[in-house]
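Written below as C-alpha cells is the structure these notes are about.
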Amino acid sequence: MPMTLGYWDIRGLAHAIRLFLEYTDTSYEDKKYSMGDAPDYDRSQWLSEKFKLGLDFPNLPYLIDGSHKITQSNAILRYLGRKHNLCGETEEERIRVDVLENQAMDTRLQLAMVCYSPDFERKKPEYLEGLPEKMKLYSEFLGKQPWFAGNKITYVDFLVYDVLDQHRIFEPKCLDAFPNLKDFVARFEGLKKISDYMKSGRFLSKPIFAKMAFWNPK
C-alpha cells in the first residue's frame, strides 16, 4: 500500500522528504493542499481534513504509512531513514547526523525569518553579510568526505542539500568559495534517482515558501 505524504503545494518542508522517497523508490501519493491568495490565504482545503486523519499532532507535512501516522518534517525523515538504514552506521556517524539535522533546521528557519519578514529589504543585506560564515561551517564539517556523515549517504544529506540549494537560489554565488559544497550539491543531483526525479513532471522546486512570504521566487 503506498504511503501518503501530505503538504502544501510548495517546496517548503516537504522537499527533502520527497527527494528521499524518490531516491528510495518508495511508492507514495504526494497529496498537495492549495492555499488561497491574499489577503485571506484561505486554508480550508487543509483545515477540512486536519482533524480527520488520526494524527496525534495535526500539521503539515504528514506521512501516513499503514498504521504509522507521523508529523514533523524531521521525524518523518528520521522514520524513513530507519526504514532504509540511512541514519549512520557508527556512533560517530549517528552523532554527525543528529547534529547536522538540527543545524540544518536552524539555518532553514533563519532564512525563512528573513523571507517572511515585512522588513525583508533591510534584513536581506544583514543576512547576506553573515552567510559566508554559515557556509564555511558546513564546508568544514563536510571536509573531504563525499557525504556529511561519511562515505555513505544518510537522510541528513537530503536536508542539507535542500538548505544549500535554497541559499543558492537566494544568493547564486554563496557556494563559490566552497568547492566541496559545490561538489556535494553536484554529487547529490547526479544520483540517478534524483536526476530522474528532477527531470520529471512530479518535481517541484518552487515556490519555496507559502504565498505570504516577501521573497518567494516562482
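Just so it is clear, glycine is given a Cβ too, placed from its N, Cα and C backbone atoms.
The domain 'GST N-terminal' annotation in Swiss-Prot covers 2-88. Summarising the annotation, Swiss-Prot assigns glutathione binding site to Tyr7, Trp8, Arg43, Ser44, Gln45, Trp46, Lys50, Asn59, Leu60, Gln72, Ser73. The phosphoserine feature in Swiss-Prot is assigned to Ser27, Ser44, Ser117. The domain 'GST C-terminal' annotation in Swiss-Prot covers 90-214. The feature substrate binding site is assigned by Swiss-Prot to Tyr116, with similarity to another entry given as support.
Known features from Swiss-Prot, placed on the structure.
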{"residue": "Tyr7", "record": "glutathione binding site", "DSSP (3 states)": "strand"}
{"residue": "Ser27", "record": "phosphoserine", "DSSP (3 states)": "coil"}
{"residue": "Arg43", "record": "glutathione binding site", "DSSP (3 states)": "coil"}
{"residue": "Lys50", "record": "glutathione binding site", "DSSP (3 states)": "coil"}
{"residue": "Leu60", "record": "glutathione binding site", "DSSP (3 states)": "coil"}
{"residue": "Ser73", "record": "glutathione binding site", "DSSP (3 states)": "helix"}
{"residue": "Tyr116", "record": "substrate binding site", "DSSP (3 states)": "coil"}
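Counting every protein chain shown, 15 other Cβ atoms lie within 10 Å of the Cβ of Tyr116 (substrate binding site). Helix, strand and coil residue tallies for the domain 'GST C-terminal' (90-214), in that order: 83 helix, 0 strand, 42 coil [DSSP]. Closest by Cα distance to Ser27 (phosphoserine), from the recorded positions Tyr7, Ser44, Ser117, is Tyr7. The recorded positions recorded for this entry are Ser44, Tyr116, Ser117, and the Cα of Ser44 lies nearest to that of Tyr7 (glutathione binding site). Max Cα-Cα distance over the annotated glutathione binders (Tyr7, Trp8, Arg43, Ser44, Gln45, Trp46, Lys50, Asn59, Leu60, Gln72, Ser73) is 21 Å.
Nearest Cα neighbour of Ser117 (phosphoserine) among the listed binding-site residues (Arg43, Lys50, Ser73): Arg43. In the structure shown, across all protein chains, Ser73 is the one of the binding-site residues Gln45, Ser73 with the greatest number of other Cβ atoms within 10 Å.
Of the recorded residues, Arg43 (glutathione binding site) and the residue listed as 'substrate binding site' place their C-alpha atoms 18 Å from one another. Spatially close to Ser44 (phosphoserine) yet at least six residues away along the chain are Gly36, judged by Cβ distances under 8 angstroms. For Arg43 (glutathione binding site), the Cβ neighbour count at a 10 Å cut-off comes to 16, with all displayed protein chains included.
Fewest Cβ neighbours within 10 Å among the modified residues Ser27, Ser117: this applies to Ser27. Local packing around the Cβ, expressed as the count of other Cβ atoms within 10 angstroms, is greatest for Tyr7 among the binding-site residues Tyr7, Lys50, Leu60. The separation of Tyr116 (substrate binding site) from Ser73 (glutathione binding site), Cα to Cα, is 19 Å.
Cα to Cα, Gln45 (glutathione binding site) and the residue listed as 'substrate binding site' are separated by 22 Å.
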